[in-house]
Amino acid sequence: MPSSLACAQDPPATLDTVGLVDQRLGNAGTSGSAPILEDGDVDPWALPQLKDTGQSWKELSMAGRVLQGAAGFLKACGLLGSLYLFICSLDILSSAFQLLGSKVAGDIFKDNVVLSNPVAGLVIGVLGTVLVQSSSTSSSIVVSMVASKLLTVRASVPVIMGVNVGTSVTSTLVSMAQSGDRDAFRRAFGGSAVHGVFNWLTALTLLPLESAAAPLERLSALALGAASLQPGGRAPDILKVLTRPLTRLIVQLDADVITGRGTGNATNSSLIKRWCGTEVQTTAGNSSTCAAATGGPCPARNSSAAEEQLPCRHLFEGTALADLAVGFILLAASLLVLCACLALIVKLLSSTLRGRVGQAVSTVVNAGGPWGGGEGGGEEARLRVTGSPSADFPSPFGWLSGYLAILVGAGLTFALQSSSVFTAAVVPLMGVRVISLERAYPLFLGSNIGTTTTALLAALASPSDMLISAVQVALIHFFFNLAGILLWYVVPVLRLPIPLAKRFGDLTARYRWVAVAYLLLSFLLLPLAACGLSLAGSTVLAAVGGPLLVLVLLIILVAILQRHRPAWLPRRLRSWAWLPLWLRSLEPWDRLVSRCCPCKACSPPQAAAKEAHCYENPEVLASHQL
């Protein structure tokens, strides 16, 4: 069927693309609004109406109640067991990345000449955290370098920003396990993207400001001077206590080796821990009456003590394999277990969170969302979307629900001692429509705060010679995330990560390979390119990166004006029709990817392909009525 018939039945007179824009403006020249969904269209980001289709508890017979109770108990056990293995697999995944990338990360961090460049420090923080999959390890390396005078506090600030950005890669990897269902993948990837977009926006906004005036360094120094430090505090080890019995049987790593590689004090020893302690063996003296004569133990001259090292008990104890080989084995095994556990968790949640249980959970978790009283929408919207009444704060305090979510995210992350585990647990809940994107956003912001408080307590447990440096770096990390919340959450109109994440989610629902491209570009290729330009010198970085940055900003500005104020633009810039197709549409790239990946998983759905053909080709759109 011709493309014109695919888009409309009765083609009117042909109009060029600029003429279509002028037609939208009308005679008055006022701006057009954003496209409005037609009646009957479903918002893929809205939570569904949950209906209780089963029998109530009172209507069930005794046998039915027993069966329902047993099924609920088994589901709860399966959910808890899957969640436990899921958390353990994340721990093993982190160990695998440390085995694969710790040497490279150490070589990156110890080049303090490159770190003196703020842009290089930012991207090195990103790359180092992505390689070791642990913000705590990256922060420990930075603290050790500052304490050893290898890095100044001012130079460490961009690195801490990059460390904060690198933590969002874990939730992105977890979201890709839900790529089998397009709608679930849309929401899950959007949830992981909102975390990454927030971290990137905060870093790119504060980096020039920090380079010019150093506000984070000055603020942390003031807080450090006003506080009386009491060393010895430690964060609670709740999660490690639960997972360590299993993960220690698989592999154990020596964290001192990673830190030493960053400071340049490490040998070429393996990262796999082989000795886990020492045992003192005392040999008694020759005199059998020594203890009786002295009324106590024998003197040192009548006994000898020898220390014997105790080997670690884990799967790779005394292995002849290199760290790289062990890392690949653990990476494959942990990803397999992680995907299997995640699929099981999604299935169990989908079958459990139905009816009244789902209504209650959705109402409590998403209180104050876009359909709640806290942020617009009201009670009627909540009843229409969730089928249950609102659990918001009473008016006029409904706006507090979002800040309560920040506190909840901070508290849970502090208790778990891992922001990666918390964010990776929220992403699947978004995929099954339990948590909305608007509610997940403040939870992720709270998780960023929670991980900094954990790092602050860990810094207080540092040795006395590293205490000041460790606490100041932890304070910089805290103030950085607090500034991000003030920038991108306090004012509702500035919550830009939410619409940007929705855009990413919509793109990945149509083109799944966009998720892989986002992951590679944001956390690997672009940081590597920036790092390479930094190695060439600040002049080369400014000469190449400056024009590119200006070009990107101009494209964003023109795109915004095209959508909201096209009359302000010249006629040629009111659309991108004059550009080649591969520069204004993802369709050519999608066809290229589809040839390399012939499976249907990489191809867009038929309706999306038709829509893209009609609306991303101006020559087709211009020949029909709007």
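Placement of Cβ uses the backbone N, Cα and C atoms for every residue, glycine included.
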From 113-135, 205-227, the residue range that TrEMBL assigns the feature transmembrane segment: 113-135
Close approaches to the transmembrane segment (467-491) from elsewhere in its chain (Cβ under 8 angstroms; 6 or more beyond its ends): 139, 142-143, 146-147, 153, 156-157, 160-161, 163-164, 198-199, 201-202, 205-206, 216-217, 219-221, 223-224, 229, 231, 402, 406, 441-442, 445, 448-449, 452-453, 455-456, 458-460, 497
Selection from 83-101, 155-177, 324-346, the stretch that has most Cβ pairs under 8 A to the transmembrane segment (113-135): 155-177
Criterion met for the transmembrane segment (324-346) and the transmembrane segment (83-101) (at least three Cβ pairs under 8 Å): yes
Sequence-remote partners of the transmembrane segment (155-177) [C-beta within less than 8 Å, at least six residues beyond its ends]: 90, 109, 112, 115-116, 118-130, 133, 135, 138-139, 142, 145-146, 185, 188-189, 191-193, 195-196, 199-200, 202-203, 206-207, 210-211, 214, 216-217, 338-339, 342-343, 419-420, 423-424, 426-428, 431, 448, 451, 473, 476-477, 480-481, 515-516, 518-519, 523, 527
